Amino acid sequence: MKQYLDLSQRIIDEGVWIENTRTGKRCLTVVNADLVYDVKNNQFPIITTRKSFWKAAIAELLGYIRGYDSAADFRALGTKSWDANANENEAWLKNPARKGHDDMGRVYGVQGRHWKKPDGTEIDQLGKIVADLSKGIDDRGEILTFYNPGEFDLGCLRPCMHTHTFSLLGDTLYLTSYQRSCDVPLGLNFNQIQVFTLLALMAQITGKKPGCAYHKIVNAHLYEDQVELMRDVQLKREPYPSPKLEINPDIKSLKDLETWVTLDDFNVIGYQHHDAIKYPFSV
Ligand SMILES: Nc1nc(=O)c2c([nH]1)NC[C@@H]1CN(c3ccc(C(=O)N[C@@H](CCC(=O)O)C(=O)O)cc3)CN21
Ligand SMILES: O=c1ccn([C@H]2C[C@H](O)[C@@H](COP(=O)(O)O)O2)c(=O)[nH]1
């Protein structure tokens, strides 16, 4: 939690105002942030200085793991977080590749599970990683990347957290996740949870011990209409200790994650938090 508050404070203190043409808003911006999560000791990096809707973050992650491309499927899992980008983003609404209401196109999990090869066949990046790690193999290329510039025009948004690299040292699994663009009040609140939970889940289904998760962010920003709430409300609050994430131990395979797992299989134990803050969202 301290590292989240330090990053937010750093943006307030040192951020540079940058015009963003996609949203038409200015963003107070810094470059380069390194966050580390202790998955081994289950220090769940949930925000405590406001109420975090952590289930929505895990629902998003499950949707990526399943390769979903429809905001309706994300809603069915328990998050509305893709509704605006699928249905209110001007550029995407005009794009002939959009297949209709709720379509997100070839984003995130679609690339992770169904990367298209020139010969028309597909690569299941996540399937390959799970198979390797389960056998104790780390070929130094256990990389899940959603970043496919050749298909940016076939999706509603370029992936923000775009690449996850898994590393096996003995029987301990590590994760390094890269993020190109980070909306600190809204996105990061979810992304911290997702990086932590991705490592915890991957360790569990491959029979490994989780180590640390390393989260590397390039452009970290506050939109102009978020600055006051962050500076004068959220940063004035004292954080609470980190709670623990409990994951149903019956989840044992990628198939389990793809089929029967729901948000009821996740629980946060001892989550103390301040009141909710409603930050503006920019499409
Ligand atoms: N500008 C922007 N910021 C983002 O963080 C973001 C995007 N766009 N587009 C793609 C996804 C969608 N994400 C989202 C979308 C909505 C919330 C949101 O509204 N969060 C609220 C309420 C959550 C709830 O009730 O479930 C929050 O208070 O955290 C968070 C992340 C993260 N990403
Ligand atoms: O997981 C996510 C997804 C999105 N974001 C934020 C970061 C930016 O504010 C926008 C994306 O806009 P771009 O113009 O494509 O950079 O969404 C996030 O923080 N986390």
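Placement of Cβ uses the backbone N, Cα and C atoms for every residue, glycine included.
Per TrEMBL, domain 'Thymidylate synthase/dCMP hydroxymethylase' is recorded for 2-283. Among the features that TrEMBL reports, dUMP binding site is placed at ARG22, ARG180, SER181, CYS182, ASP183, ASN191, HIS221, LEU222, TYR223. TrEMBL lists CYS160 with the feature active site, nucleophile. Residues or ranges marked as active site in TrEMBL: CYS160. Residues or ranges marked as (6R)-5,10-methylene-5,6,7,8-tetrahydrofolate binding site by TrEMBL: ASP183, SER282.
Overlay of TrEMBL annotations on the structure.
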residue : record                                                    : DSSP (3 states)
ARG22   : dUMP binding site                                         : coil
CYS160  : active site, nucleophile                                  : coil
SER181  : dUMP binding site                                         : strand
HIS221  : dUMP binding site                                         : strand
SER282  : (6R)-5,10-methylene-5,6,7,8-tetrahydrofolate binding site : coil
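Taking a Cβ distance under 6 Å to any atom of ligand 2 as the criterion, the recorded positions ARG22, CYS160, SER181, ASP183, TYR223 reduce to ARG22, CYS160, SER181, ASP183. The number of other Cβ atoms within 10 Å of the Cβ belonging to CYS160 (active site, nucleophile), over all protein chains shown, comes to 19. Residues ASP183, SER282, taken from the binding-site residues ARG22, SER181, ASP183, HIS221, TYR223, SER282, are distinguished by a CB atom under 6 angstroms from ligand 1.
Shown in sequence order, ALA91 are the residues of the chain, 6+ apart in sequence, with a C-beta less than 8 angstroms from the C-beta of ARG22 (dUMP binding site). Cα of SER181 (dUMP binding site) to Cα of CYS160 (active site, nucleophile): a distance of 5 Å. Cβ neighbour count within 10 Å across all protein chains ranks HIS221 highest among the binding-site residues ASP183, HIS221, TYR223. Annotation for SER282 ((6R)-5,10-methylene-5,6,7,8-tetrahydrofolate binding site): spatial neighbours THR23, LYS25, ASP183, TYR223, ASP225, criterion Cβ-Cβ under 8 Å with sequence separation of six or more. Spanning the listed dUMP site, residues ARG22, ARG180, SER181, CYS182, ASP183, ASN191, HIS221, LEU222, TYR223 have a farthest Cα to Cα distance of 21 Å. For the pair HIS221 (dUMP binding site) and CYS160 (active site, nucleophile), the Cα-Cα distance reads 13 Å.
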